[in-house]
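Features reported for this protein in Swiss-Prot:
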| type | residues | note |
| --- | --- | --- |
| BINDING | Cys68, Cys73, Cys79, Ser308 | [4Fe-4S] cluster 1 binding site |
| DOMAIN | 80-297 | domain 'Radical SAM core' |
| BINDING | Cys94, Cys98, Cys101 | [4Fe-4S] cluster 2 binding site |
Amino acid sequence: MSKPIQIERGVKYRDADKMALIPVRTVVTERQEILRKPEWMKIKLPADSSRIQGIKAAMRKNGLHSVCEEASCPNLAECFNHGTATFMILGAICTRRCPFCDVAHGRPLTPDANEPEKLAQTIHDMGLRYVVITSVDRDDLRDGGAQHFADCISAIRRKNPNIRIETLVPDFRGRMDRALEILTATPPDVFNHNLENVPRVYRQVRPGANYEWSLKLLENFKNAHPDIPTKSGLMVGLGETNAEIVDVMRDLRRHGVTMLTLGQYLQPSRHHLPVQRYVSPDEFDEMKAEAIAMGFTHAACGPFVRSSYHADLQAKGIEVK
């Protein structure tokens, strides 16, 4: 029997080391077939990478993180080349270990008290008018990191009074009331929390999370701020069916959510959950039509769509695929 991994504070555990800590064994094995990517999943890289390197340098200089890099997002080159990024606060080490996600797991460091001001200054220097702030899960904090979110929102608005802020929050497991008390007092312009997939596969895809809890988080925020849009996103290709995705869309509408993103899951490494199917652009179009018919005001559905992909355009209702 192999010795258990000793988790050291501040150390990032990724790939095989991270997956070894998941009690539900669902990761890919050598014998499992890896599906070949269809033509529509091929990524075109920009010819000039100077803008990309500039954003990376600004992040490093200020000790900030982007979920684009930490989660190995396939849209990194496109978004960075257009001067946009999704900032990830509260460090780059997550207390969860979801087998679809490339963000490192471990025992995180104490939050950086200067991060809100550094974030606000970086956003000002980049000249952004719309920003998405997300975070790792911080189950080690009594409020799940909610106060840090609020501090970041306040600092950003002080430095950038005309900016719009979208927050992509964790589920605040066991801390919802306290977290919402804080966030409803300092609300963003868009409140986003991803369900990720369908309830049937939650035990494998989101160990430690609860489908009903996530729906309740979205509903409770909406009840506190009926005027602020709530948003959620799902990945396809993890064993669900299109019919199950549509059922989740109905659940989201019943809980007051009006903005939706649907995108294709891509396996970050051979140690992560395998892709079980590739959904065609036509199928995404069909699901978008279903979403609009249900009453979603915004629905970004396509192979490369991610929760924060062109979030500024999503918020304006401009079609994103």
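Backbone N, Cα and C define each Cβ position, glycine as well.
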Shell list ([4Fe-4S] cluster 2; ref centroid = CB of Cys94, Cys98, Cys101; cutoff 8 A):
Arg96, Arg97, Phe100, Asp102, Val103, His105, Val136, Asp137
Please name the residue among the binding-site residues Cys94, Cys101 whose C-beta has the most neighbouring C-beta atoms within 10 angstroms.
Cys94
Rounded inter-Cα distance in Å - Ser308 ([4Fe-4S] cluster 1 binding site), Cys101 ([4Fe-4S] cluster 2 binding site):
15
Please list residues from the chain of Cys98 ([4Fe-4S] cluster 2 binding site) whose Cβ is under 8 angstroms from its Cβ, counting only those at least six apart in sequence.
Glu196, Val205, Arg206, Pro207, Gly208, Ala209
So how many other Cβ atoms are close to Ser308 ([4Fe-4S] cluster 1 binding site), meaning within 10 Å of its Cβ?
28
Return the average pLDDT for the domain 'Radical SAM core' (80-297) as a whole number.
93
Would you mind pulling the DSSP three-state label for Cys98 ([4Fe-4S] cluster 2 binding site)?
coil
